[in-house]
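A quick write-up on the structure given underneath.
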Amino acid sequence: MVKSYLRYEPAASFGVIVSVESNITYDSSGKHLLAPALEKVGSLLASGSKDNDIILWDVVGETGLFRLRGHRDQITDLVFLDSDKKLVTSSKDKFLRVWDLETQHCMQIVSGHHSEIWSIDVDPDERYLVTGSADLELRLFYNEKHELMSGESMVNVTAAKTGNDRELSTQNKWEVLKPFGEITRQSKDRVATVRFSKSGNLHACQVAGKTVELFLVLDEVQSKCEAKQRIKNRKKEKKSAKMEVEETENVEANHDTEGAGNTLVVKVPDVFKLLPTILVSKKICSISFCPVTPESSLASLALSLNNNLLEFYSIKSDGSEKTLSINLERTLSIELEGHRSDVRSVTLSSDNSFLMSTSHNAVKIWNPSTDSCLKTIDSGYGLCGLIVPHNKYGIVGTKDGEIEIIDIDNGTCSEVVGAHGGSVRSIATIPNGNGFVTGSADHDVKFWEYINQKPGQDSKSLTILNVRTMKMNDDVLVVAFSPDAKYVAVALFDCTVKCRNRFSSGHEILNLAEKLT
């Protein structure tokens, strides 16, 4: 059978009559004039995957255009350059590749990383490209096209010094990315994501942990001022060290050479300024800059955490040009009533009126009709659970081998019973009975009976009593009953399932059966 795919069609466009880069033409009848428009909007898509290949797609035509091959490990990130004429890709093979999409060949291979490259990004003006890996440094590259357009090519400056202009121009003909420098990161965790803000004035580095490192990106005028100030500070340091006049003049001459030809050498610290680090309580999954810059702010950054939370931070400046002062403010946190860790079990009541879910530290009671959380009850690490008939109590088996009795009406844990020597992995109610059975990692299957009143107490409250134990030869993973409650099936860690007759062990079991059925 042919697999079908969703088809996307343009809904509407406004104010566009004809494209300036294409021709118009009449049809054969002369009644219609064909005018091309919006032929470049969203028409190209690049994808990379674990098969080490990059595929370029025509979104409008819904077809693959061509495949780019060269990386030796899976693709981790990619960005377009030069108005979508070039593509830069990163891979776990520790290399960057620059592809010419018109000729469909690799123009440049960039090395330097000592570990897998996890993320890359380029600023909106395509001045700088940043790469992040497990190395302690972020590596920066500048776009050669941008440097040539600004009239300040570092290649030409070097060529003027060496006198090998023709050699260098031939050698660097296909080099799009030039090494610019490195930024030492504060965190030792590997980089997960690097992103520029939509205006390009901020850069964020998210690590595989709880921090996001922020950098202020200065424009050309500001970075040149920083470079000049850096050189002045170095001269003052030399003078304050009471160096000899001749040595000072030599140092100044060297610095003047650095800025020869009205070209000031700008370094990484002159462009990227470290800002306060965002530290959150849980591990960060992903980050994203808001495309719209709020008033009185440099940018707004959204973070998704692995405990089911979204947090938003506003990055503000004091507006002073002489001093760098940035304030980070958490403006919003979206938090629903869900669990903050993996949900390990869910069970519905007999009348489907509510649902009980367990996780590592809480039991939650839900209304499945409205998707709302009715109660949250502190508990141990719940691995399994069931709701007692009449829907007044819940039973939870924990990782510590305990059974917790949950009072659903009051929203409390009424009793904790030490049941097993290992984690309780499965609970099954006995059909038409007055109890349940538990399976544990301690190789035991235990039968329990409900008792509606504790001895010595006046008020009625549910408790349980262990009435039988079945020994298994391996960890118990799942227990289940037949509909007539005659047989119990036990799945073990040794990849076997054992089926036992509940009534096969003598008079004591028959008495229990009379109580339970």
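Cβ atoms here come from the backbone N, Cα and C positions, even for glycine.
Bear in mind that TrEMBL entries carry predicted annotations, made automatically and left uncurated.
Sequence-remote contacts of a segment are chain residues at least 6 beyond its ends whose Cβ falls under 8 Å from one of its Cβ atoms, and for the repeat 'WD' (42-59) they are 8, 65-69, 71-78, 80, 84, 87, 89, 91, 99, 101. If you look up TrEMBL, you'll see 42-59 (among others) marked as repeat 'WD'.
Within its own chain, the repeat 'WD' (68-109) has Cβ neighbours under 8 Å at 44, 46, 48-56, 115-122, 126, 129, 131, 133, 143, 145, 174-177, counting only residues six or more beyond its boundaries. The feature repeat 'WD' is assigned by TrEMBL to 68-109 (among others).
Feature annotation from TrEMBL assigns repeat 'WD' to 110-141 (among others). Listed as Cβ neighbours of the repeat 'WD' (110-141) (distance under 8 Å, sequence separation of 6 or more from its ends, same chain) are residues 73, 76-79, 81-82, 88, 90-98, 177-185, 188, 190-196, 198-200, 203, 205, 217, 268, 271-272.
The coiled coil annotation in TrEMBL covers 218-251.
In terms of DSSP helix, strand and coil, the repeat 'WD' (336-376) has 0 helix, 19 strand, 22 coil. Annotated repeat 'WD' per TrEMBL: 336-376 (among others), in sequence order.
Remark: secondary structure over the repeat 'WD' (417-449) totals 0 helix, 20 strand, 13 coil, with classes taken from DSSP. According to TrEMBL, the repeat 'WD' annotation covers 417-449 (among others).
Secondary structure of the repeat 'WD' (110-141) per DSSP, as helix, strand and coil residue counts: 0 helix, 18 strand, 14 coil. Helix first, then strand, then coil: DSSP counts for the repeat 'WD' (68-109) stand at 0 helix, 24 strand, 18 coil.
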